[in-house]
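K.L.:
Below is one structure. I have some questions about it.
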Amino acid sequence: MQNKNNYNWLKEWVIRSFLLLTLLTWPSVSNAYPIFAQQGYENPREATGRIVCANCHLAKKPVDIEVPQSVLPDTVFEAIVKIPYDMQVKQVLANGKKGGLNVGAVPILPQGFELAPSDRIPTEIKEKIGNLSFQNYSPDKKNIIIVGPVPGKKYSEIVFPILSPDPASNKESNFLKYPIYVGGNRGRGQIYPDGSRSNNTVYNASATGKVIKIFRKEKKGGYEITIEKTSDGRQVVDIVPPGPELIISEGEFLKVDQPLTNNPNVGGFGQGDAEIVLQDPLRIQGLLLFFASVVLAQIFLVLKKKQFEKVQLAEMNF
């Protein structure tokens, strides 16, 4: 028993050490995770309606969300976020190589709506969710859920299990029509939350002048481009990380901000919205009673008409 405990402790220590080493060695990869955006913004949706993910994912792409037209209180339902893209394309990874696109999404629900507890999620919804792991944007914002990055080929459609509020126990919610907002991205961003650029964007010349040298870094990849400034003859060196492809050559004259590389980005970010009605069960019952009364009234009207016709026929025979 003691040996088993020691083995489990050693296994956990190795895993934690590996994760820590990964974060320290490849910061550009760790920066892709939502936690870094969470640390920078108290609310992911600005007053203008813009979702802050667009600050890092600069290209605009479509996204869609599907929800039921209406739901009853204290009910689990599914919200489906669709993040379409060409499955054949490859993105530039942090090490400069090509790989599959990842996706992520952030639905912003009305106050009171939240991620459904695991024991409340129906089996058919669990099967659609797969191995996805969701988390709240912050402890005090349970109505904002985030997921990603996850493999896009498997999760271009993400199913979120949502629990509707019950106004009987939650006084902040009411039987109304509510908006739901969503942001979704495919591929890596162009700018990290700290303002630095990733290798998944265009790199531009920092000065006007002549390219006098292009040095390719064989070990780490990327380029050092030496530009002789036209204004004073001084030399500046622009660093291009591995990933983007050069579109300039030695001897070429450049203007400041002229692209040095292509744009390797094949992904992008999009926003969408939908509406959902938190339906009052009593209202539905009242509506059913109304329909029943209309049907009964029609039946009685038909019976009364037939009775009247019989009376008329009897009088004519008399």
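The count begins at 1 with the first shown residue.
Cβ from N, Cα, C; glycine included.
Here's the feature list from Swiss-Prot:
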type	residues	note
SIGNAL	1-32	signal peptide
BINDING	Tyr33, Cys53, Cys56, His57	heme binding site
TRANSMEM	284-304	transmembrane segment
K.L.:
Which of the three DSSP states, helix, strand or coil, fits Cys53 (heme binding site)?
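P.N.:
Where Cys53 (heme binding site) sits, the three-state DSSP reduction gives helix.
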K.L.:
In this structure, which of the binding-site residues Cys53, Cys56 has the fewest other Cβ atoms within 10 Å of its Cβ?
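P.N.:
Per-residue Cβ counts within 10 Å for the binding-site residues Cys53, Cys56 bottom out at Cys56.
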K.L.:
Around His57 (heme binding site), which residues of its chain at least 6 apart sit with Cβ under 8 Å of its Cβ?
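P.N.:
In sequence order, the residues whose Cβ lies under 8 Å from that of His57 (heme binding site) (at least 6 apart) are Asn185, Gly187, Gly189, Gln190, Gly267, Gly268, Phe269.
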